[in-house]
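Swiss-Prot annotations:
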- 64-104: repeat 'WD 1' (REPEAT)
- 107-146: repeat 'WD 2' (REPEAT)
- 149-191: repeat 'WD 3' (REPEAT)
- 194-234: repeat 'WD 4' (REPEAT)
- 236-276: repeat 'WD 5' (REPEAT)
- 280-321: repeat 'WD 6' (REPEAT)
- 323-362: repeat 'WD 7' (REPEAT)
- 353-441: region 'Required for nucleolar location' (REGION)
Amino acid sequence: MRVKVLSRNPDDYVRETKLDLQRVPRNYDPALHPFEVAREYVRALNATKLERVFAKPFLSSLDGHRDGVNCMAKHPKSLSTVLSGACDGEVRIWNLTKRQCIRALQAHEGFVRGMCARFCGTSFFTVGDDKTVKQWKMESPGYGEEEEPIHTILGKTVYTGIDHHWKDAVFATCGQQVDIWDEQRTSPMCSLTWGFDSISSVKFNPIETYLLGSCASDRNIVLYDMRQSTPLKKVILNMRTNTLCWNPMEAFIFTAANEDYNLYTFDMRFLTSPVMVHMDHVSAVLDVDYSPTGKEFVSASFDKSVRIFPVDKGHSREVYHTKRMQHVITVKWTSDSRYILCGSDEMNIRLWKANASEKLGVLAPREKAAMNYNQKLKEKFQHHPQIKRIARHRHLPKSIYCQIKEQRIMREARRRKELNRRKHSKPGSVPVVSEKKKHIVAVVQ
């Protein structure tokens, strides 16, 4: 006689220790879960609400400067070290872990106009209103030693910006022209110029390291190649560009911060129209910096706010502001992609989280899995009206809120006027110009 018996493997359901979780048998057949999507929607809604509840982005304020913070630089090798230069010529080096100043030195008379660290992290360069370029050791001087620069170069004109090559002992300064310097020489290797207006910013490309871009006060963005003696090309915009930043992951992409409240992301091969126009600020954009991932960038504006933009979106995903923060002059995204630093003209440097609701510290494996699951749910249901409304909601200062409202009315009036003009004109006489091409005056090769 044959007898059928149930045979179970204890390893499938018995815990090894009392601390282990009970194993729950699950059947993933969709026919048994008709309300799966509805449950996921509720979970996504709750996750979105909790994200807004836990959004506490502000971490710390680094105070110590006695004048407005004019520029900042990141240490290329150390995540916890950042440098800042003020309007009174003082340079401070900060430890972000301890959130305190570890070194202060009087670098220049007048403004510190620009600063950058050497690619190996052993020294840094500063330029100021006193027409000098100075190289300083990154380490503090020993006991009894005086704080002296390694090299000092006295120029003929005021330098307004500086940036270091990503691989070689070469740096570039800008003022009346773009000068390329060797660290061992006191005169520039070559000088590049196109036009007669002063240049406010110069930046090396981190991937194609021989390329650099500059912003001039005559509304030009000029691109150069160090290997040839003449500039490559330039694009002229409606208003002046304050600074630009290259995408660290895509060699030909850069973003320009403009006086017309917008940021423009360009592909340097096709300058006739920007890849994307980023608009949300209500005053001039003064600085921009990319995330190390190249997916997002942060901008600082004269409207006393900091905004985070996805590269492929026209509007910001996040806006940071405080009651005491004044005009934000400079901004940096840390090299671990988790924090943002901004320097403003009321003498403070502020440290923010890049993701406002991110939990800091070590996460348990279950906690990490739950966060990843919630993130996927939010992405899945991000276009549902209720979830979209909660995720986009932000509290803004009254001044910014009123200016946004005013800008919206003005934009709508311009659009209406253009439609009326086209309607009452001869067909084809009033061409349709896209938002991307409206702001480009000309491209000169």
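In case you wondered, yes, glycine gets a Cβ from its N, Cα and C as well.
Beyond its flanks by at least six residues, the repeat 'WD 5' (236-276) meets 200-201, 203-208, 211, 213, 215, 217-221, 223, 282-290, 292-295, 297, 299, 301, 309, 311-314, 407, 434, 436-444 of its own chain at Cβ-Cβ distances under 8 Å.
Note: the stretches the repeat 'WD 7' (323-362) and the repeat 'WD 2' (107-146) are not in contact (fewer than 3 CB pairs below 8 A, sequence gap of 6 or more).
Sequence-distant neighbours of the repeat 'WD 2' (107-146) (same chain, 6+ residues past either end, Cβ-Cβ under 8 Å): 70-78, 83, 85-87, 89-91, 93, 152-167, 169, 171, 173, 181, 183. Long-range Cβ contacts of the repeat 'WD 4' (194-234) within its own chain (Cβ-Cβ under 8 Å, at least 6 residues beyond either end) map to 160-168, 170, 172-178, 180, 240-246, 248-252, 254, 256, 266, 268, 271, 441, 443-445. Residues 110-121, 124, 126, 128-130, 136, 138, 140, 329-332, 334-336, 339, 341, 343-349, 351 of the same chain sit 6 or more residues outside the repeat 'WD 1' (64-104) yet have a Cβ under 8 Å from a Cβ within it. The DSSP breakdown of the repeat 'WD 6' (280-321), given as helix, strand and coil counts, is 0 helix, 20 strand, 22 coil. For the repeat 'WD 1' (64-104), the predicted model reports an average pLDDT of 95.
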